[in-house]
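Per Swiss-Prot, the features are:
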TRANSMEM  9-29  transmembrane segment
TRANSMEM  44-64  transmembrane segment
TRANSMEM  71-91  transmembrane segment
TRANSMEM  143-163  transmembrane segment
TRANSMEM  226-246  transmembrane segment
TRANSMEM  255-275  transmembrane segment
TRANSMEM  287-307  transmembrane segment
Amino acid sequence: MIFSTLEHIFTHISFSIVSIVIIIHLITLLGNEIIKPYDSSEKGMIVTFLCLTGLLITRWIYSGHFPLSDLYESLIFLSWSFSLIHIVPYFKIRKNYLTEITASSTIFTQGFATSGLLTEIRKPTILVPALQSEWLIMHVSMMILSYAALLCGSLLSVALLVITFRKIFYSYKSNNFLKLNESFSFGEIQYKNERNNILKKNYFLSAKNYYKAQLIQQLDYWSYRVISLGFIFLTIGILSGAVWANEAWGSYWSWDPKETWAFITWIVFAIYLHIRTNKNFQGANSAIVATLGFLIIWICYFGVNLLGIGLHSYGSFTLTSS
């Protein structure tokens, strides 16, 4: 009873704090000079991380096994992973481009985990025989950590694409307006006035364009490094899973739906890392591959569980309303 109460307290405290953190981050987006609210939000994420850690430890003691046996527990661990990725760079770089991504991801995953849709699987249960192994911690934790890192890196790539294509669109729109005035000959004086107005506008926006260029460069930088970290975790997770599968089922690989999509995920991000080594494909080109990887991860992690088939069917679930 006491462990259930502690779990309930940790869940609500962490969710409340991360909700406040999101609001603070939205406020700080209005200006880079607002430092105090930003520092408060970072301290809030540290408290959230500690609460999620307490939640996992409490559930571990309460259930008698490491909390990675079902979707609810994996979502809590995923939230913990997002908060970990959030606070680790904070001690080295006070402000980076991961903060908004990780904070939003934390509240999204934890909000879904604690919603009424997963009420049936929220109560701890006895592990099925296939999960009663020391490999559970190694394999599943590496896979969830890889999902967290790859999702963060992919979202940074999505942000890079949005900024890049908006920049191209506005540049194309401005150039077409100049050509339209010139071709229809509204008069030399009127044309020159319109042209000068646009040039002045572009001049005043040059600083903004420079900032966008720097932002795109930083997004590409962080995306590459976070995805590289996630790829390492994914590789370790797949290899440890293969060893565990051989011990449990007598085969390293059986092309189970979960295994197949994990392999597809690995291939997609291997392609990303490969083309990223070519300077001509850095930026938007490699970001397109990472964006595709974002969709693949959700299919691998969440979509396959909806099927409820294969050797990983113990992780399946049904959505219910409270």
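Placement of Cβ uses the backbone N, Cα and C atoms for every residue, glycine included.
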By a Cβ-Cβ criterion of under 8 Å, what residues six or more beyond either terminus of the transmembrane segment (71-91) are in contact with it? 14, 18, 42, 45-46, 48-49, 52-53, 55-56, 59, 98-99, 102-103, 105-106, 109-110, 112-113, 118, 121-122, 140-141, 144-145, 147-149, 152, 226, 305, 315, 317
Tertiary contacts of the transmembrane segment (287-307), defined by C-beta under 8 angstroms and 6+ residue spacing from its ends, are 71, 147, 150-151, 153-155, 157-158, 160-161, 164, 220, 223, 227, 257-258, 261-262, 264-265, 268-269, 271-272, 275, 315-317
Sort out the residues at least 6 away from either end of the transmembrane segment (226-246), same chain, that have Cβ-Cβ distances under 8 Å to it, and list them. 85, 98, 133, 135, 138-140, 142-143, 145-154, 156-157, 252-254, 259, 262-263, 265-266, 269-270, 272-273, 290, 293, 311
Determine which residues of the chain contact the transmembrane segment (255-275) at the Cβ level, with the cut-off under 8 Å and only residues 6 or more beyond its ends counted. 143, 150, 227-228, 230-231, 234-235, 237-238, 241, 245, 281, 285-286, 289-290, 292-293, 296-297, 299-300, 303-304, 307, 309-312, 315
